[in-house]
Amino acid sequence: MKLLEEFIQEKGTVLPGNVLKVDAFLNHQIDPGLMQEMGKAFAERFKDLGITKIVTIESSGIAPAVFAGLALSVPVVFARKKKSVTLTDNLYTSTVYSYTKKKSNDISVSKQFLTDADTILVIDDFLANGQAALGLLEIAELAGAKVAGIGIVIEKSFQQGRELLNKTGIPVYSLARIASLENEEILFLEEE
């Protein structure tokens, strides 16, 4: 998606350790116009798959997921990283490791909001090592829900996440695919 690539080039920053900082439009401050276009792109890609719900992880996946949900006219469910007083029982839970934060988190979704009647689209902000998406796939499996596709905002194609997700047989679509972040230069793969 050319618009997203332009935002990444103009407002993204490469940090040591192949970290891409995109807090100017995705991870801290959100650009609603960009989110709307991303939502439309995900909807266009997955519109014929019978999606009944979109599932993501708090917090940076929520904005793109909501705009995709709006475009597809389906609800959005986000997995919580921390349990609250209102989210204690009847949960589907998976443990995911965050390479950016260097720690594992339990993510949970209420059984009330995900069932075997659902066909879901997983949406996440980044694909690097694939652990977040795999955790959401595990939750979907626990619920008996069908996963029709995985939508990624920014994919670091030089890491193993895509390869791991491809092994599941579930279609993966990334709006921006980064080939390299070496020498603080952002290089993209061609669009899918």
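Note that Cβ sites are derived from N, Cα and C of the backbone, with glycine treated the same way.
All protein chains shown were included, and the count of other CB atoms within 10 Å of the CB of LEU20 (xanthine binding site) stands at 20. Annotated xanthine binding site per Swiss-Prot: LEU20, ASN27, LYS156, in sequence order, evidence recorded as sequence analysis.
Long-range Cβ proximity for ASN129 (5-phospho-alpha-D-ribose 1-diphosphate binding site), meaning a same-chain Cβ under 8 A and a gap of 6 or more residues, is found for TYR97, TYR99, GLN159, GLN160, GLY161, LEU164. Under the heading 5-phospho-alpha-D-ribose 1-diphosphate binding site, Swiss-Prot lists ALA128, ASN129, GLY130, GLN131, ALA132, citing sequence analysis as support.
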Review point. Which one of these binding-site residues, ASN27, GLN131, has the sparsest Cβ neighbourhood, judged by other Cβ atoms within 10 angstroms?
Key: ASN27
**Study point:** All-chain count of other Cβ atoms within 10 Å of ALA128 (5-phospho-alpha-D-ribose 1-diphosphate binding site)
**Key:** 24
Study note, to complete from the structure: Counting every protein chain shown, other Cβ atoms within 10 Å of the Cβ of LYS156 (xanthine binding site) number 23
Practice item. For the xanthine site as recorded (LEU20, ASN27, LYS156), determine the largest distance between any two Cα atoms, in Å, rounded to the nearest integer. Key: 16
Point to revise | List of residues, in chain order, with Cβ under 8 A from that of GLY130 (5-phospho-alpha-D-ribose 1-diphosphate binding site) and at least 6 apart | key: GLN160, GLY161, ARG162, GLU163, LEU164, LEU165
Point to revise | Cα separation, ALA132 (5-phospho-alpha-D-ribose 1-diphosphate binding site) to LYS156 (xanthine binding site) (Å, whole number) | key: 14
